[in-house]
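> A single structure is presented below for examination.
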Amino acid sequence: MATDAALRRLLRLHRTEIAVAVDSAFPLLHALADHDVVPEDKFQETLHLKEKEGCPQAFHALLSWLLTQDSTAILDFWRVLFKDYNLERYGRLQPILDSFPKDVDLSQPRKGRKPPAVPKALVPPPRLPTKRKASEEARAAAPAALTPRGTASPGSQLKAKPPKKPESSAEQQRLPLGNGIQTMSASVQRAVAMSSGDVPGARGAVEGILIQQVFESGGSKKCIQVGGEFYTPSKFEDSGSGKNKARSSSGPKPLVRAKGAQGAAPGGGEARLGQQGSVPAPLALPSDPQLHQKNEDECAVCRDGGELICCDGCPRAFHLACLSPPLREIPSGTWRCSSCLQATVQEVQPRAEEPRPQEPPVETPLPPGLRSAGEEVRGPPGEPLAGMDTTLVYKHLPAPPSAAPLPGLDSSALHPLLCVGPEGQQNLAPGARCGVCGDGTDVLRCTHCAAAFHWRCHFPAGTSRPGTGLRCRSCSGDVTPAPVEGVLAPSPARLAPGPAKDDTASHEPALHRDDLESLLSEHTFDGILQWAIQSMARPAAPFPS
């Protein structure tokens, strides 16, 4: 009773120090609730008070309430308070523990909480040391079967082994035996360290034993023993959720591919467990590969080992970074490389890459006046529809396989478009030559097609030379008016050449500076370039006789 009074007095003495030292409710408050020191209603009340006034005030109120409880609750509080995780979390509790009286023992049993007495008739009798399970007897009898005379050694009879779970003996009895060879005595056991996440229900590090069991057929079957459970590759595949493909390149490819922690066994072998999950395994399609397909141990791209992802359609394996595009994480379910996907597409659609037959041109009737300039020059000749005028047919042609390059243009041919003098006569570009004599001296520029020419070469009969609006021989018979503001001049090739008329009557107004500036501002350079190409694509007119 003196100890109970001392613990209560120490709690009242260090109440404020403990409240200040505890700066968070976890893990102390939760541990008190787990050990039934604080009831659920008081636990929730302390959490609400912590949110309102802070953690120190909430714990001070909790300790004040604890002083009103019995001595057993106070003793349990001190035990929980001085646990290792609380001392690590709350550093200010260490001085309180150091100043704790040495004569106060916190390890004394609880009072008033003794377990109920069990009648002696219900207590099971102690197990006799000579009573063993069938698995232990099989292991003890194994040396007797392998001795030359078949007599059991006395040491094997006296050696007792720890009991194992009944499941282990049942599993061993299912395994076939033959020719007096005991399963467990002839097995080769190799210890492999595995993580607890690889085996369902395991906590902490477990020890797996890779057992190669010998059967009468001379073959072998690999399984992993964890505690008393034996896991075969079929068990891993049934219990595992997803199909894991990441693996290490050392050693042969195992029956089970796992992505979890891997431990190399002595002798170069590996033990791999299927990773457990909640998603059910996908059903195997007829085209899916075998589950025991052997993949390569090196990347098919860089020919290096390491963490690889295995293709389900071929034996190749790849690094995630070597794929194109690279993957950041291992995809779930069935995964195939690009070669397998391409082969599958070719099988489903063998003629997908064949060129489609060219469709005949579709002819659409249009009212007069809506045909674009130069349409007859660009479009190939075709048969018109029956009973329809050829001038009212607009042909929709399919796109050609490849666009033909534009004809090369001399920069001097386009330069006069941007160099118009103040008098309306275009300035001469360096290197401009007459198309008849080839001389570049005193050449003129046609105001319609911008071609360089000599007046004497194009008009040798002595036709009078006008002051403005000079045109070459080809454009002198063109009745199309010169381009005005906002309108591009149509191609002269569409119009049939007519007889020469009076210069004053046949010549249209020249392209003045204001018209050209308006044309450049309202139309793109592509339109001007197209107009220049159409103007220069006409054949030269014959010389007058």
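Yeah, the Cβs are placed from backbone N, Cα and C, and that goes for glycine too.
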> Of the ranges 195-198, 295-298, 423-426, which one does Swiss-Prot flag as region 'Interaction with histone H3 not methylated at 'Lys-4''?
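Checking Swiss-Prot against the ranges 195-198, 295-298, 423-426, the region 'Interaction with histone H3 not methylated at 'Lys-4'' one is 295-298.
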> Per-residue pLDDT averaged over the motif 'LXXLL motif 2' (63-67) comes to what?
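A mean pLDDT of 94 is what the model gives the motif 'LXXLL motif 2' (63-67).
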> Take the region 'Interaction with histone H3 not methylated at 'Lys-4'' (331-335) and count its residues per DSSP category (helix H/G/I, strand E/B, coil), listing them in that order.
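Counting residues by DSSP class gives 0 helix, 0 strand, 5 coil.
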> Per DSSP, what is the residue tally for the region 'Interaction with histone H3 not methylated at 'Lys-4'' (304-312) in helix, strand and coil?
0 helix, 3 strand, 6 coil
